[in-house]
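Copied over from TrEMBL, here are the features:
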type	residues	note
TRANSMEM	12-32	transmembrane segment
DOMAIN	17-305	domain 'Sugar phosphate transporter'
TRANSMEM	44-66	transmembrane segment
TRANSMEM	87-108	transmembrane segment
TRANSMEM	114-133	transmembrane segment
TRANSMEM	140-157	transmembrane segment
TRANSMEM	163-187	transmembrane segment
TRANSMEM	199-218	transmembrane segment
TRANSMEM	230-253	transmembrane segment
TRANSMEM	260-282	transmembrane segment
TRANSMEM	288-305	transmembrane segment
REGION	313-337	region 'Disordered'
COMPBIAS	320-337	compositional bias 'Polar residues'
Amino acid sequence: MADPQRKWVSEDVVTCSYLLLYIALSSGQIFFNKWVLSSKDINFPYPLGLTLLHMVFSSILCFVLTKVLKIMKVEEGMTLDIYMSSVIPIGAMFAMTLWLGNTAYLYISVSFAQMLKAIMPVAVFILGVAAGLEVMSCRMLLIMSVISFGVLVASYGEININWVGVVYQMGGVVGEALRLIFMEILVKRKGLKLNPISVMYYVSPCSALCLLIPWIFLEKPKMDEQRTWSFHPLILTLNSLCTFALNLSVFLVIQHTSALTIRVAGVVKDWVVVLLSALLFADTKLTLINLFGYAIAIAGVAAYNNHKLKKAASPESSDESQPTQSIPLIPSTNSNN
């Protein structure tokens, strides 16, 4: 009797440890990116370059872990047609999401950026309806209205609002919504299901290439002109390593918990980021209107997640597709991730 109970307690502790690791890494990565981009000590205000570095680092590590050391396995079934029609659009949208999301940190506070991200389900639903993946209903319309109203109230309570940052952040939200739509098409219509490490293996090189071209024209000339190539390689390497560790933590959480658990953990992480940013960054000034609006939006997000999980668990639905955190969000570096 004692042995099964001890085993259950041990598994419970391991699960909680993975969840705490995910929340810590996801929150920490957002703050780490903000510090690297805005700190005068680091002197690296290049969000496009930072995102490109993350993708190159991820591509190399994925190759080493799966093909050289063979610690992890890349799932089979990828064809040239699927790669061209699905993976490339996913990689392009992922690159857009991380680039614009990280750029937003140069103009708005971390907490306000996190509040704006709550509008994500609305963007996903609207694009899903347009793509024929979602069906408009009174319930979903109500949920979308609640989320939109909450974000609107949170924005109204923002003291130092910068519309340039808002545009960048909303652009990142649209990019992430499109990525999720392409992911759902990849799973439902192409019949291919990939674990997070497989997604990283296929998508990271494509995203790196999509980022390299604009970086050459937009940021490389500035870096050459300002002679900022003498950046801190150790800090940037550690930043990239933390990004990869975040993706691996998502892989572990998905293996040991359910989709519901990781989505709840994502909500907890969002609140941690909002509240801690007020303590860590001088540009964050939270108001009661901010928090009230964000609470309304999060309630709508919780209702949306609950609806999606019930739909996925219904008999006519197929197995649960990849959770939205499969590529955080960055996240990941943008950490939606």
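Each Cβ is built from the backbone N, Cα and C atoms, and glycine gets one as well.
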Exercise. So, does the transmembrane segment (199-218) come close enough to the transmembrane segment (12-32) to give 3+ Cβ pairs below 8 Å, pairs being at least 6 apart in sequence?
Worked result: no
Problem set entry | Stretch contact, the transmembrane segment (199-218) with the transmembrane segment (87-108), Cβ-Cβ under 8 Å, 3+ pairs | yes
Seminar exercise, completed: Same-chain residues at least 6 beyond the ends of the transmembrane segment (114-133) with a Cβ under 8 Å from one of its Cβ atoms are 30, 108, 140, 143-144, 147-148, 150-151, 154-155, 158, 166, 169-170, 173-174, 176-178, 180-181, 184-185, 188, 270, 273-274, 277, 290, 293-294, 297-298, 300-301, 304, 336
